[in-house]
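Below is one structure, written out as structure tokens; the observations come after it.
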Amino acid sequence: MDQPTVTETPTAPATAKVPWWRRPWIVPLWAISALFLVWRVPDYVGYKDPGALVEMSDYQHFLIVSGHIMLGGVSLICCCMQLWPWLRTNHPKVHRVTGRVYVLVVLPASVLAFFTSFMSITTPPSGQVGNGILATLWLLTTLIGFRHVRNGRYADHRRWMIRSFALCFSIVVNRLFIGVYAVGFSPLLDSFYGGSVDRLATDAAVASIWSSWVATLVFAEWWMTRRRKPRKRVATAA
Ligand code: HEM
């Protein structure tokens, strides 16, 4: 007699048709990224009064910083599109195109971000190293993800691209963390920072540089393992 058995389906589709309101994170993801882009990027389009920008030594420095910001902006938009399940399910062609654009843009963006990290005038070395490692990991995770898709290893490709997106999005989280740290450290203004708001702000910046990309990377790992629960289906044994 036929026995119903439970088997695992490793090829279960990653994105079943689920309405967007059942994925409540997609709205805040877009909203926070859009806010960041509208708030921070326009200042770096065209050479302006340096007082409006992060401190820069010369025009070449400006080109490197604004280059990483423009390319970073495109990669952030692609990143949001790639993570949008509705787009992935309903417009796979758009998903493929934005995926290619993302990889193409991250390559120069991460290299420029690496130089930006060590050229920064206001970030202390402890923060420069944190940014330098972030830029390197961003490049490596994207290259590894790209290599996997070229070799047809789609599950590995997906995992590495999620890591790459987490690192890209960490730049937005960084700006949120910096405010949280500044408020959190403020009771120490007189006792530890000797009344210097600059010292407190620098410390908050370094803390947020390190913790933002570590936090988004750890979150991505948790998210992937949480979703890796095998789907079960009832099959009939022959
Ligand atoms: C993930 C790797 C990245 C690293 C390591 C990085 C590094 C840096 C550094 C070190 C600065 C400060 C420059 C200075 O003090 O001279 C900076 C500024 C900036 N970056 Fe990035 N960046 C990265 C990605 C991105 C992305 C994806 C965007 C998206 C648009 C972006 C947008 C900006 C903006 C707007 C500024 C100017 C500061 C501000 O107004 O917030 N960055 N970045």
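Every residue, even glycine, has its Cβ placed from backbone N, Cα and C.
Database features (TrEMBL):
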TRANSMEM  25-42  transmembrane segment
TRANSMEM  62-87  transmembrane segment
TRANSMEM  99-123  transmembrane segment
TRANSMEM  129-149  transmembrane segment
TRANSMEM  161-184  transmembrane segment
TRANSMEM  204-223  transmembrane segment
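Residues of the same chain lying 6 or more positions beyond the ends of the transmembrane segment (99-123) and with a Cβ under 8 Å from any Cβ of it are 54-57, 61, 64-65, 67-68, 71-72, 74-75, 78-79, 82, 131-132, 134-136, 138-139, 142-143, 145-146, 161, 164, 168, 202, 205-206, 209. Below 8 angstroms of C-beta separation, residues 29, 32-33, 36, 40, 72, 75-76, 79, 82-83, 99, 106, 134, 137-138, 141-142, 145, 200-201, 203-205, 207-209, 211-213, 215-217, 219-221, 223-224 of the same chain, each at least six residues beyond the ends of the transmembrane segment (161-184), sit close to that stretch. Counting Cβ pairs under 8 Å to the transmembrane segment (62-87), the stretch among 25-42, 129-149, 204-223 with the most such contacts is 25-42.
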